[in-house]
Amino acid sequence: MEDEKTITVKLVFGGGVEVLFSNKRNQSITIPAQAPASGSHPSRPADLRYLILWMSESLLTDRKELFVDGETVRPGILVLVNDTDWELEGELDYELQKGDEVVFISTLHGG
Amino acid sequence: MAPPRTCALCQTARPIVRRPKTGQQVCKECFFHVFETEVHNTIMSAKLFKPGDRVAIGASGGKDSTVLAHVMKVLNDRYDYGLEMYLLSIDEGITGYRDDSLESVKRNQQEYGLPLKILSYDELYGWTMDAIVEQIGRKNNCTFCGVFRRQALDRGAAALNVDHIVTGHNADDIAETVLMNIMRGDIARLGRCTLICTQGEDSIKRSKPFKYAYEKEIVMYAYFKKLDYFSTECIYSPDAYRGHARVFLKDLEAARPSAIIDIIHSGEAFQIGEAVELKAQQTCKRCGYMSSNDLCKACTLLESLEKGMAKLATGDRNRRRLDEEPAPENMRTIPMFHRATPAEPAAAP
């Protein structure tokens, strides 16, 4: 399924975000390796900005606003790439690598 | 390629998290250590406990109380606090929500080996939240739940004969509450909401060891420690007002992470003038719980439920109609648990 034109990454959901994704805690997805131009961003290798856009278009049906806010995730959702805070990895600009694991955890639920 | 980054604290390991409070990039081991040490410092500087204290951890099965139970256990062992700890859970009677979250509390109990007490609304008030919502609908039911939960925690703590209840309220929660109290102009609560420790008439202290702990770090801690917690939103109307404050605060934090601590400090700096008279406390004529009126809030709400007029109980406008209705016969008295009084100086019986 994967060739040079696509890239497969693993998505993990926790803290309540999983309810937006059919209650699946993790899934493997394959997306185009090259992100098409969008907004002010030219075509480029797939990055987290593109992944989030792709997820909101392909995986989310309704209540998108509970996950995305503009081009990024809603404040209060933590993102980790290969178990590292995405704030250390360039956030939206992080370029996805084959086999990366991207974790989304909501901090907004329950005490 | 840029040289690999290293942890700001140990200068060796690869960093895995950026601390919102300081902007420091820290590795996993240093993150655990600095998070635990800051909670320890909060506990020590507020002198929350003394050796031999009996402490109940308010445990909901959610992220904050799960991390709190874990950290309290770690610190009690590491620094030899000498605390006798219990888990105290309140079962509101919400099918598909609380029954599931109590399962994670039970797993925590196994893991930490702490005794667990579960006290239910049904047992105390004769009503589950499911039944209350059936009568009053989804609007305003949080008022009932909030009043009932607070009293239930106090009563459960008395039943466990503890000196102290600790809850998982974190820095984000407190900053939200500061914002809400400012927006509502609630001066009395604004003065109280930033206190790390409060003490009711029943002499049981309540405190918040996570007062300065950011939600992001609590969630990261749970993630990296692989702690098992429950994270479903309550199925009944979420607290909409708090929801707005929360979204606003998260937006502020995204712009400037120190905003959360800054707001707490602002809340602390508000001086409540002596002129603001706080209502004198008495005890409830029906159940004996501390109260500022003849009947405590829980008894008032319970009476409105028994009269089948609970919809009128949450607004002032309709209160008179509610008061005119005679109390039903056999009106339930909420059971009171009394703490065993500390050994009194040898007075002959």
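Residue positions begin at 1 at the first shown residue.
Cβ coordinates are placed from backbone N, Cα and C, and glycine is handled just like the others.
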Say TrEMBL lists B:Gly58, B:Ala59, B:Ser60, B:Asp64, B:Gly168, B:Asp173 as binding ATP: which of B:Ile90, B:Ile94, B:Ile196, B:Ile204 is in the same site, per that record?
B:Ile90
For the domain 'Cytoplasmic tRNA 2-thiolation protein 1 C-terminal' (B:282-313), what are the DSSP-based totals of helix, strand and coil residues?
13 helix, 4 strand, 15 coil
Neighbour count (Cβ, 10 Å) for B:Asp173 (ATP binding site):
23
Intrachain residues whose Cβ lies under 8 Å of the domain 'Cytoplasmic tRNA 2-thiolation protein 1 C-terminal' (B:282-313), provided they are six or more past its termini:
125-127, 132, 135-137, 140, 143-144, 147-148, 151, 154-155, 200-202, 319, 321-322, 325, 327-328, 331-336
For ATP, whose listed binding residues are B:Gly58, B:Ala59, B:Ser60, B:Asp64, B:Ile90, B:Gly168, B:Asp173, the greatest C-alpha pairwise distance in Å:
20
Go through the binding-site residues B:Asp64, B:Ile90, B:Gly168 for me and flag any whose C-beta is under 8 angstroms from a C-beta on chain A.
B:Asp64, B:Gly168
